[in-house]
Amino acid sequence: MLTIKLPQIFQVHQVPRIFWEDGIMSGYRHPRSSALDCLLSSFQMTNETVNIWTHFLPTWYFVWRFLALSSSLDFCQEPYLWPLLIYLLLVCLYPFASSCAHTFSSMSARARHICFFCDYGALSLYSLGCAFAYGAYAMPEPWVSGGWHRYFVPAAAFNSFICTGLSCYSRFPELERPRLSKVLRTTAFVYPFLYDNIPLFSRVSPRWGTAPRGAPPPPHNFSPSSPQLFFCFWGSCAWSEAVAGYCYHLLFALLTGFLFASHLPERLAPGRFDYIGHSHQLFHICAVLGTHFQLEAVLCDASSRQAWLRRRVPAPGLPGTFGTAGLVLLGNAAIIGAFTAALSRAPGSSGSPTGGPVGTRGAVGTQA
């Protein structure tokens, strides 16, 4: 009879410091796990299991949404839809990269750094995808075709390099100066978020509370809980529903940032939320819900404002869409490669005693 032996689970004092998480006392995997062990561990309860699945399953939800839209929209032949296509692809990428990072981050200290470098790069690219979508479909009417509108995406591309570089660098002082590391990493993601969402802050403010000329009016029975807000299909949504969706997106983004920075609730009760309910799991769930509402709002805008935008904005070209996205992808890959090459100077990246003693493949030593 075929039996599969699941990997052993360890306490926090049994693994090197580089693997420690604030307030998480148990459920750690072997710090030198094989790739197979990492995959098997996703089917047993560790402190990473829910992290893996809360982004792996949403990846396939977003892929389903993309395929459903692809069956009714001509992404290849319609330049108006190219920013939406880039956004959808990056929405599918970032949760998948996160799931992979959490799955394979216990292969070694070096692998852990590289996994999260790639995770940060995917988040940085997602922020660029948001800028593509907002620049193409969500700009407030007074800003359309203005100078800032024209440079909105190029500036977001530059921001993505800052985001990736700063977040990757934040892993280097992680052991010696953990507060500095946290501040750098938080800044790396808050900065592009604030920049990307400037159009939304204007959209949801009362002074911009009327729909653009030519946009369909909201239905008489519209409310923030309208079913169309949860699943917007092409041509079925009104402008007001997009604004409500952006409000939900911003709400969940705020919760995501709070959970990421606070490490609550596990900081209040270390060991109580090791497997279920700790902040990173809640962070993942809020991030996915925020992305869902963002996606539906973007689809509402792209559909309801299409005729109005076509009359005022030139059709997107290949250099400004796929060309920009390709250059940013290569640039981010180069940044990740440079930080990977510098890992020999990262504390704990070689499994040295600085990070806690590690035993043989079969056992982990106890920290002194």
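Each Cβ is built from the backbone N, Cα and C atoms, and glycine gets one as well.
Over in TrEMBL, the protein carries these features:
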type	residues	note
TRANSMEM	50-68	transmembrane segment
TRANSMEM	80-104	transmembrane segment
BINDING	His102, His280, His284	Zn(2+) binding site
TRANSMEM	116-139	transmembrane segment
TRANSMEM	151-172	transmembrane segment
TRANSMEM	243-262	transmembrane segment
TRANSMEM	321-343	transmembrane segment
REGION	345-368	region 'Disordered'
Same chain, 6+ residues apart, C-beta under 8 Å of the C-beta of His280 (Zn(2+) binding site), given in sequence order: Glu21, Asn51, Leu259, Phe260
Close approaches to the transmembrane segment (321-343) from elsewhere in its chain (Cβ under 8 angstroms; 6 or more beyond its ends): 79, 82-83, 86, 110, 113-114, 117-118, 121, 124-125, 128, 132, 153-154, 157, 160-161, 164-165, 168-169, 171-172, 349
8 Å Cβ shell about His102, His280, His284 centroid, Zn(2+) site members excluded: Glu48, Val50, Asn51, Ile52, Thr54, His55, Ser98, Gln281, Phe283
Candidates His102, His284: member of the binding-site residues with the richest Cβ shell (10 Å): His102
